[in-house]
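Copied over from Swiss-Prot, here are the features:
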- 1-17: signal peptide (SIGNAL)
- Glu122: Zn(2+) 1 binding site (BINDING)
- Cys135-Cys178: disulfide bond (DISULFID)
- Cys138: active site (ACT_SITE)
- Glu163, Glu199: Zn(2+) 2 binding site (BINDING)
- Cys169-Cys211: disulfide bond (DISULFID)
- Asp184, Asp227: Zn(2+) 3 binding site (BINDING)
- Glu205: Zn(2+) 4 binding site (BINDING)
- Asp250, His253: Zn(2+) 5 binding site (BINDING)
- Asp273: Zn(2+) 6 binding site (BINDING)
- Asp275: Zn(2+) 7 binding site (BINDING)
- His276: active site (ACT_SITE)
- Asn300: active site (ACT_SITE)
Amino acid sequence: MTPLLLLAVLCLGTALATPKFDQTFNAQWHQWKSTHRRLYGTNEEEWRRAVWEKNMRMIQLHNGEYSNGKHGFTMEMNAFGDMTNEEFRQIVNGYRHQKHKKGRLFQEPLMLQIPKTVDWREKGCVTPVKNQGQCGSCWAFSASGCLEGQMFLKTGKLISLSEQNLVDCSHDQGNQGCNGGLMDFAFQYIKENGGLDSEESYPYEAKDGSCKYRAEYAVANDTGFVDIPQQEKALMKAVATVGPISVAMDASHPSLQFYSSGIYYEPNCSSKDLDHGVLVVGYGYEGTDSNKDKYWLVKNSWGKEWGMDGYIKIAKDRNNHCGLATAASYPIVN
């Protein structure tokens, strides 16, 4: 092959390999990069643009179907826009479902009229939405949020607790920092350690580090934890009578990655394969019929820009959708 012919073949191969972008997305792409402060090298830019466009088309298709009544929730482009679903799951979903020491079993209250709606934010026992960043520490945010609520109900003081303390210091109990963990392991660490520091004294860094716990800055403690039976009815009673509850869920789907508003129902969502720790802060229903369109009100740890200001409504009483009732628990605060 002559050099000129070889050069022509190479140029043709390069041209064929270059992604063909939809030019109508140019303004949105540049705005998205500016908003989320993305800087890429040339080769990575092409790849990330291709991923972003694929996600954008999926979102547009879903929202078109929503307008036609096919779905009960909307989707929108967000900070996860240049990630494939595989990358997204690896980076932010850090719940590690495994056998572990069980806590006390939740004793459901008898002869109690359970309210049809609950929102613990209205009682002042939920801190602002936080952001775990690119660290699989969802379990730490779920655990800290649950303990924040229990401490508030005991003391009347709402103090933001240190997720970094849990990330750095609970390895002996079985947690793996940014590589995942369990809320119950976190509660066990707090019990054995004798306390948990405040977020102010031990700020979040979104990466693994050495343990820097200082007892003089501890502002919360627990004496163990309670596991809730794997039924939505039991979870409902716990949320109504105990406070915000730590739960795990299947968060592996693109529909959740780009969730925006409405009641989330994903036909492929598993009630057993759980990969993300979150916090149930209430429940309710949309419309006028309390027996329809019911949802769990869930606080996430992906920042306020995701979902409904950091929250999501997940379908309730639909066969334990996404597994919220499968691994629910809360710390014991005396």
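Cβ coordinates are placed from backbone N, Cα and C, and glycine is handled just like the others.
Overlay of Swiss-Prot feature records on the structure.
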{"residue": "Glu122", "record": "Zn(2+) 1 binding site", "DSSP class": "helix"}
{"residue": "Cys135", "record": "disulfide bond", "DSSP class": "coil"}
{"residue": "Glu163", "record": "Zn(2+) 2 binding site", "DSSP class": "helix"}
{"residue": "Asp184", "record": "Zn(2+) 3 binding site", "DSSP class": "helix"}
{"residue": "Glu205", "record": "Zn(2+) 4 binding site", "DSSP class": "coil"}
{"residue": "Cys211", "record": "disulfide bond", "DSSP class": "coil"}
{"residue": "Asp227", "record": "Zn(2+) 3 binding site", "DSSP class": "strand"}
{"residue": "His253", "record": "Zn(2+) 5 binding site", "DSSP class": "coil"}
{"residue": "His276", "record": "active site", "DSSP class": "strand"}
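Inclusion criterion for the recorded positions Cys178, Asp184, Asp250, Asp273: a C-alpha placed within 10 angstroms of the C-alpha of Cys138 (active site); this criterion is met by Cys178. The secondary structure of Asn300 (active site), as reduced to three states from DSSP, is coil rather than helix or strand. Close to Asp273 (Zn(2+) 6 binding site), meaning Cα to Cα within 10 A, are none of the recorded positions out of Glu122, Cys169, Cys178, Cys211, Asp227, His253.
Cβ neighbour count within 10 Å across all protein chains ranks Asp250 highest among the binding-site residues Glu205, Asp250.
Relative to Asp227 (Zn(2+) 3 binding site), the recorded positions Glu122, Glu163, Cys169, His253, Asp275, Asn300 all have Cα atoms farther than 10 Å away. Long-range Cβ neighbours of Asn300 (active site) (same chain, at least 6 residues apart, Cβ-Cβ under 8 Å): Val129, Val278, Trp306, Gly307, Gly310, Tyr311, Ile312. For the recorded positions His253, His276, the largest tally of other C-beta atoms within 10 A is found at His276. Summary for the binding-site residues Asp184, Glu199, Asp227, Asp275: the Cβ-based neighbour count within 10 Å is maximal at Asp184. In sequence order, Asn165, Asp168, Cys169 are the residues of the chain that are 6 or more apart from Cys211 (disulfide bond) and have a CB within less than 8 Å of its CB. The recorded positions considered are Cys135, Cys138, Cys169, Cys178; of these, Cys178 has the fewest other C-beta atoms within 10 angstroms of its C-beta. Mapped onto three states, the DSSP output places Cys169 (disulfide bond) in helix. With respect to their backbone Cα atoms, His276 (active site) and Cys135 (disulfide bond) stand 12 Å from each other.
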